Amino acid sequence: MAGPGPGLVLVLAGLWARGAAGGEVVAGRPGALEEEIVSEKAAEESHRQDSANLLVFILLLTLTILTIWLFKHRRARFLHETGLAMIYGVLVGVVLRYGIHVPSDVNNVTLSCQVQTSPATLLVTFDPEVFFNILLPPIIFYAGYSLKRRHFFRNLGSILAYAFLGTAISCLVIGSVVYGCVALMKVTGQLGGDFYFTDCLLFGAIVSATDPVTVLAIFHELQVDVELYALLFGESVLNDAVAIVLSSSIVAYQPAGDNSHTFDVTAMFKSIGIFLGIFSGSFAMGAATGVVTALISFLLFTKLREFPLLETGLFFLMSWSTFLLAEACGFTGVVAVLFCGITQAHYTYNNLSTESQHRTKQLFELLNFLAENFIFSYMGLALFTFQNHVFNPTFVVGAFLAIFLGRAANIYPLSFLLNLGRRNKIGTNLQHMMMFAGLRGAMAFALAIRDTATYARQMMFSTTLLIVFFTVWVFGGGTTAMLSCLNIRVGVDADQENVGVPESERRSTKAESAWLFRMWYNFDHNYLKPLLTHSGPPLTTTLPGCCGPIARCLTSPQAYENQEQLKDDDSDLILNDGDISLTYGDSTVNTDSVASSGTSRRFVGNSSEDALDRELAFGDHELVIRGTRLVLPMDDSEPPSNVLDNARHGPA
C-alpha cells in the first residue's frame, strides 16, 4: 500500500504545530478554555432570552387581535384594543412575577450575563431607546400621513392654540400642583429622595402628552361630529410633538452656579430658546426631507411605476430616514417624521402609482397598529416586572388632580377665547368631550421610561403608568356613554356635513376657518404642486413669460395632460349652482345662457375657495366626452345624477 503523499504530510504537520502552540497557550492560561465555553453559553442563553422576549409579545398581540375580532363581531365598544393589550400584559406580568420559580443558583454565570433578580426581568426588559427609534416613528408618521387635511386646515388656528398654548398651560399647572404635593410629602416625611421643581415641570410635560387613540377609534366608528374629531385628532398629533420638545427643554435647564435646581432667568430663556430652536429645526427638517423625497419621487417614481414593490420600498426607506437624520443632527425625530408624513401625503403620495398608494397606506397602518399594541402590552407587563417602582399615595392622588386641572385650564379658557373669533363656535358639549377625551398613552409612557435612574424619575414613571391605565380603561370605556350624555351628533358623513347649509354661510365659514392655510395655498398650488407632482397647472402658465424656458424644463408632460383640471381663479371647468362650463381647446362655452354678470363675478371670487376645499378633500371627478373634458367637482355633495346621465348619454 502506498504511503501518504507529501501534501498530506505537510497538512498534518501544520495541524500538529497549531495544536502544540494552542496547548502552550492553554498551559500558560489554564482558565482560557473555560472562559470561552462560558462566554459561548452566555451568548446562547442571551439569544434564547431575546427569542423568549419576542415570543411573549407576539403571543400577546395574537391574543389581542383575536379578542378584538370577537369584540367587533359582538359590536362591543366598552373596551378598546389598547385596553385589551394592557389587560393581557398585566395578566402575563403577574404570571412572570409570581408564577415562575426562581432557582437558587440564579446568579450562575452560565444562565446569563449578570442576572441579578429573576428570569421575569429578562423577559420584559427592553432598551427605552427602542421605543423612540423603532416603535414611535411609525405611529407618528402614520398620524401625519393619514391626516384628513380638509378638516384639519379648516381648524388650524384652534388646533395650534390647543397644541402649543394649551400644552404649555397644562405643563405649568400640573407642575405647580405636583410641586405642592411634593412639599406636603416633605413636611409629612413621605419623601424618600430629592424631588425638585424642575422634576415637577418635567412630569407636567410628560403627562401633558395626550393620546386619545381609544376615543378617536370610537369616534371614527360612530362617525362623530367632524369638527370635534378634527380638533381632538389635530391637537393630539401636534401635542405629542410639543410635549417631547418641551420635556427636552426642561431637562436642558442648567442655571449658573453650584445648585442646578435654583431659578435663573438666563437659564429659563435659554431653555425657551432651545425649545423654539429644536421644534422649528425639526419642523423645517421634516418638511424639507418631505419635499426632497417628493422631488425624488417626481423624477424617479415615474420610471418605477412598473415595479410597485421597489416603489413602496424606496418610499418607506426615505420616510424612515427622516427620523434618523433628525436624531443624528440633534433635533427631535418624532417632530420631523410627523411633518414629513404630512408633506409626503400632500406631495409624494400623488406621484405614486395606484397600487403603491394602497400599499403604503396599508403598510403604515399595519406598523402603527402593531407598534401601538406592543407598547400597551409592555405597559401591562412593566406594572409588575419593573423592579424599581415607587408608589406614593399622596403623589398619585396629587398627580390625578393635577392632570384634571391642567386639562381644564387648557380646554375651557382657550375655547372661550377662540369662540370670540369663530363663526362656527366650539359648543359647551364639545368642550366637555375634549376635556373627557384627554387620555394619556404611548407617548407619555415612552417619555417616562426613558430615564428611571433617580428616585424622582422612578416615582414619575410608576405614577404615569397608573394614569395611563386609568384614563384608557375608564375614560376610553366610557366614551360612548359620554357622547350620549352630552348629546353629540353621531352618524355624520364628513362629505355631507354641509348639506342644507346656506351657500353664503358655507363660504364665509370656509374663508374664516382656513385663512391661515390660504396664506400659502396659492403659492403651493401654482408653484410647488407643479414642481413636485404631476398635478396642478403647468409652470408655463403660472411663471412670468421671461421664465418660459425654465418653466418648460421643469414642467412634466403629465401636467400638460392634466391642465384642464380645476384650478384656482382661472378654472376651465366648473359645476357651480347649475352652471357648467365646457372647454373645447382654448374656447369656453357656458351652458347657462341666463347667467348674469353678477353671478360670474361671484364665481370668480369664490372659485379659489372651492378649489381649496376640493383639494383638501378627495379631488375631482372627471368625465371625458368625445374630446371634451368635464370636471365634476366633489364639493360638499355628490353631483346630481341627472347631470351625470346627460354627460354620459349626450348627443353625438
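Backbone N, Cα and C atoms are what each Cβ position is placed from, and that goes for glycine too.
Here the structure is a predicted model, which means the values were calculated and not measured.
Summarising the annotation, TrEMBL assigns domain 'Cation/H+ exchanger transmembrane' to 64-484.
Per TrEMBL, region 'Disordered' is recorded for 632-652.
Per TrEMBL, signal peptide is recorded for 1-22.
Per TrEMBL, the feature transmembrane segment maps to 54-71 (among others). Packing against the transmembrane segment (54-71) from elsewhere in the chain are residues 77, 79, 81, 84-85, 88-89, 92, 123-124, 370, 373-374, 377-378, 381: each is 6 or more residues past its ends and has a CB under 8 Å from a CB in it.
Residues annotated as transmembrane segment in TrEMBL: 83-100 (among others).
Among the features that TrEMBL reports, transmembrane segment is placed at 130-147 (among others).
Distant neighbours of the transmembrane segment (159-185): 152, 191, 195, 197, 200-205, 207-208, 230-231, 234-235, 237-239, 241-243, 246, 392, 394-395, 397-399, 401-403, 405-407, 409-411, 413-414, 417-418; these residues of the same chain sit at least 6 beyond its ends, with a Cβ under 8 Å from one of its Cβ atoms. Residues or ranges marked as transmembrane segment by TrEMBL: 159-185 (among others).
Residues annotated as transmembrane segment in TrEMBL: 274-301 (among others).
Marked as transmembrane segment by TrEMBL: 313-342 (among others).
Distant neighbours of the transmembrane segment (363-384): 56-57, 60-61, 64, 81-83, 85-94, 96-98, 124, 126, 131, 134-136, 138-139, 141-143, 145-146, 213, 312, 316, 441-442, 445-446, 449, 465, 468-469, 472; these residues of the same chain sit at least 6 beyond its ends, with a Cβ under 8 Å from one of its Cβ atoms. Annotated transmembrane segment per TrEMBL: 363-384 (among others), in sequence order.
Same-chain neighbours of the transmembrane segment (396-418): 157-158, 161-162, 165-167, 169-171, 173-174, 177-178, 180-181, 184, 203-204, 207-208, 426, 431, 434-435, 438, 440, 463, 466-467, 470, counting only residues six or more beyond its ends whose CB sits under 8 Å from a CB of the stretch. Sequence annotations record features per position, and here TrEMBL assigns transmembrane segment to 396-418 (among others).
Listed as Cβ neighbours of the transmembrane segment (430-449) (distance under 8 Å, sequence separation of 6 or more from its ends, same chain) are residues 82, 128, 131-132, 135-136, 139, 205-207, 209-215, 225, 227-228, 231-232, 235, 240, 243-244, 247, 372, 375-376, 379, 382, 403, 407-408, 410-412, 415, 457, 460-461, 464-465, 467-468, 471-472, 475-476, 478-479, 482-483, 486, 488. Positions annotated as transmembrane segment by TrEMBL: 430-449 (among others).
Here the transmembrane segment (455-476) has long-range neighbours at 79-80, 82-83, 86, 192-196, 199, 202-203, 206-207, 214-215, 218, 376, 379, 382-383, 386, 388-392, 395-396, 399-400, 403, 436-441, 444-445, 448-449, meaning same-chain residues at least 6 beyond its ends whose C-beta is under 8 angstroms from one of its own. Under the heading transmembrane segment, TrEMBL lists 455-476 (among others).
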Cβ under 8 Å to the transmembrane segment (313-342), counting only same-chain residues 6 or more beyond its ends: which ones?
132-133, 136-137, 140-145, 147, 149, 237-238, 240-241, 244-245, 248, 278-279, 281-283, 285-287, 289-290, 293, 296-297, 300-301, 304, 348, 352, 356, 360, 363
Six or more residues out from either end of the transmembrane segment (83-100), which same-chain residues have a Cβ under 8 Å from its Cβ atoms?
56, 60-61, 63-64, 67-68, 71, 118-120, 123-124, 214, 373-374, 376-385, 468-469, 472-473, 476-477
